[in-house]
Amino acid sequence: MANGDSPDQNENHCSAINSSILLTPGSLPTLTLSGKIRVTVTFFLFLLSTIFNTSFLLKLQNWTQRKEKRKKLSKMKVLLKHLTLANLLETLIVMPLDGMWNITVQWYAGELLCKVLSYLKLFSMYAPAFMMVVISLDRSLAITRPLAVKSNSKLGQFMIGLAWLLSSIFAGPQLYIFGMIHLADDSGQTEGFSQCVTHCSFPQWWHQAFYNFFTFSCLFIIPLLIMLICNAKIIFTLTRVLHQDPHKLQLNQSKNNIPQARLRTLKMTVAFATSFTVCWTPYYVLGIWYWFDPDMVNRVSDPVNHFFFLFAFLNPCFDPLIYGYFSL
């Protein structure tokens, strides 16, 4: 490295994306028992998520066909359709990639696929997170500013398009920073070891720290804050309305009135936020810990490490159950 960074700093930012392994010559990774369990659980969740999300898409399609041809899907069902597509994309890209990578341990697919799959992986993680933000914003506006939403029928389509666009743009740096490295075992037991990593792609160590923090913020912190704020506004608005007219509480027994629909919306958005928080918090806690202390890999047991990473794969499995229960 042609800079003034210390060796420790260089080591920190020349790390592998697959954070479950540590690449150091002479100590090359192997597929452990806990790794085999992780692979098994990963492919099991892959099957569950694929079945759940595909089933919901088919249910939406059948629901549409039963309606009159002149009617379109409601705005909420359009949003749920795009969230399902985003979850399905994450399922079909991230889970098989993680499972196969843990089986092979090293990277055999070459430089091009290293870059392309790294891009698709992050893109498929951005998309569902941003789509959850769109749903939260749309439901919040529908309750707090219903007239403004009705007067701007294209707002939902704009937010959906923006979510997909930002996902593709924010994942773009992956095409540049990821590449192949080749390591040799000091013991001479292996002829070579290839891995797809961000090895020394950043001029200085803090550049990677900034990129990691930006990615973490866009994938987790910002979406979570927006969902919490939107839910708080929905609760505040409904509480104020019911306080002004307590008799509306009795109307909630009917399935054909606005208060009941609003309460169902509140329950669904809260369930989304809860699932998002529960599933992704362990994953990012481990990731942040690794950013600030790469040696934590040697202190945290291998089973705990794999267990925390598996939490993230639960989210695309839970989402179709949530919106299937509350919307259809």
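Using the three backbone atoms N, Cα and C, a Cβ is placed for every residue, glycine included.
Residues or ranges marked as topological domain 'Extracellular' by Swiss-Prot: 1-38 (among others).
The N-linked glycosylation site annotation in Swiss-Prot covers N18 (among others).
Taken from Swiss-Prot, the feature transmembrane segment covers 39-58 (among others).
The feature topological domain 'Cytoplasmic' is assigned by Swiss-Prot to 59-77 (among others), with sequence analysis given as support. Per-residue pLDDT, averaged across the topological domain 'Cytoplasmic' (59-77), gives 69.
Tertiary proximity for the transmembrane segment (78-97) is limited to same-chain residues at least six positions away from its ends with a CB under 8 Å from its CB atoms, namely 42-43, 45-46, 49-50, 53-54, 56-57, 60, 117, 120-121, 123-125, 127-128, 130-132, 134-135, 138, 156, 160, 163-164, 313, 315-316, 319-320, 323, 327. According to Swiss-Prot, the feature transmembrane segment maps to 78-97 (among others).
The feature topological domain 'Extracellular' is assigned by Swiss-Prot to 98-115 (among others), with sequence analysis given as support.
Under the DSSP three-state reduction, N102 (N-linked glycosylation site) is assigned to helix. The N-linked glycosylation site feature in Swiss-Prot is assigned to N102 (among others).
Per Swiss-Prot, disulfide bond is recorded for C114-C196, and the stated evidence type is sequence analysis. Its Cβ placed at the centre, C196 (disulfide bond) has 24 other Cβ atoms within 10 Å.
Positions annotated as transmembrane segment by Swiss-Prot: 116-137 (among others).
Among the features that Swiss-Prot reports, topological domain 'Cytoplasmic' is placed at 138-164 (among others), with the record citing sequence analysis.
The transmembrane segment feature in Swiss-Prot is assigned to 165-184 (among others); the stated evidence is sequence analysis.
Summarising the annotation, Swiss-Prot assigns topological domain 'Extracellular' to 185-212 (among others) and lists sequence analysis as the type of evidence.
Taken from Swiss-Prot, the feature transmembrane segment applies to 213-232 (among others).
Residues or ranges marked as topological domain 'Cytoplasmic' by Swiss-Prot on the basis of sequence analysis: 233-281 (among others).
The transmembrane segment annotation in Swiss-Prot covers 282-300 (among others).
If one looks beyond the topological domain 'Extracellular' (301-306) by at least 6 residues along the same chain, the residues whose Cβ comes under 8 Å of a Cβ in the stretch are 20, 32, 34-35, 37-38, 286. The topological domain 'Extracellular' annotation in Swiss-Prot covers 301-306 (among others).
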Leading contact stretch, 165-184, 213-232, 282-300 vs the transmembrane segment (307-326) - CB distance under 8 Å: 282-300
Integer Cα-Cα distance in angstrom, C196 (disulfide bond) to N102 (N-linked glycosylation site): 13
Local Cβ density at C114 (disulfide bond) - other Cβ atoms counted within 10 Å: 22
Integer Cα-Cα distance in angstrom, C114 (disulfide bond) to N102 (N-linked glycosylation site): 15
